[in-house]
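First the structure, in the form of structure tokens, and then the observations on it.
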Amino acid sequence: MDSSRSSNSLDSGSSLTLGELACAALIPVLALVDAVVFAAAQCFQKRPPGLLPATLAARARRRAGGRLTFRELADLADESRCFSVNEVEALYELYKKISCSIVDDGLIHKEELQLALFRTPAGKNLFLDRVFDLFDEKKNSVIEFEEFIHAISVFHPNTPLEDKIDFSFRLYDLRQTGFIEREEVKQMVVATLLESEVQLSDDLVEAILDKTFEDADTDKDNRISKEEWKAFVLKHPSVIKKMTLPTLKDTTAAFPSFIFNTQVED
């Protein structure tokens, strides 16, 4: 992208430019979610004939050392508000693959998430830090399976817009103050440009930030509250257009008749 093209985008409304940058920031995690969908489909397609899901769940618990029961799977499906019990079980298969890639303890460590996203376990990455922090709801430096399900479900087409807006807000709220500050947005924009190998002049980046805060910071206190962010996103939906992956809904629709007839104990 050259400066003249970017300047034209800015002249026509920098919210579109910011939206493109925000979408670019989500590309690595979108790739992971796409991998989740593909792996889930493969889990269903390769299921041995006549093998009950109860048997598969028991195998999974033995291999991972976990104790997921049918009730736990059902509860996670209910919490997600979009995945079926069968899909949660399939996602558990993928979760285990990621969680044993470096440390085989049934939990996803930051290095394992980095390996899944960027094919390397080393190196500093602001985007990785933010994604890991958002996935790690308990703030115990690992991603547990229920946290994994919660994060993936945000991208489902049936997930309420409010949840998607909240996720995107927290992505930019680097210091977790409950507000998006200019420097935080700048850090994310610069990190996104570096990852995308897109070059923009410092003046153009500042102009994008100026326009964004002019539109979003309605009370002019040099920071964007959650309410202001919601209003901004509703006005400029391109900012979170990549927060919905139709393939997640396709996965749900692809297996509507698969009955989870399990005999695992509650």
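Keep in mind that glycine also has a Cβ here, set from the backbone N, Cα and C atoms.
Pulled from Swiss-Prot:
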- 87-122: domain 'EF-hand 1' (DOMAIN)
- 123-158: domain 'EF-hand 2' (DOMAIN)
- 160-195: domain 'EF-hand 3' (DOMAIN)
- S196: site 'Involved in dimerization' (SITE)
- 204-239: domain 'EF-hand 4' (DOMAIN)
- D217, D219, D221, R223, E228: Ca(2+) binding site (BINDING)
Task: Residues flanking the Ca(2+) site, with Cβ no more than 8 Å from the Cβ centroid of D217, D219, D221, R223, E228 and excluding those residues themselves - done: F179, F213, A216, T218, K220, N222, I224, S225
Open item on the list: Around the C-beta of R223 (Ca(2+) binding site), how many further C-beta atoms are within 10 angstroms, looking at every protein chain?
Closed with: 18
Open item on the list: Counting only residues 6+ away in sequence within the same chain, which have a CB under 8 Å from the CB of D221 (Ca(2+) binding site)?
Closed with: none
Open item on the list: Within a 10 Å radius of its Cβ, which of these binding-site residues (D217, D219, E228) has the fewest neighbouring Cβ atoms?
Closed with: D219
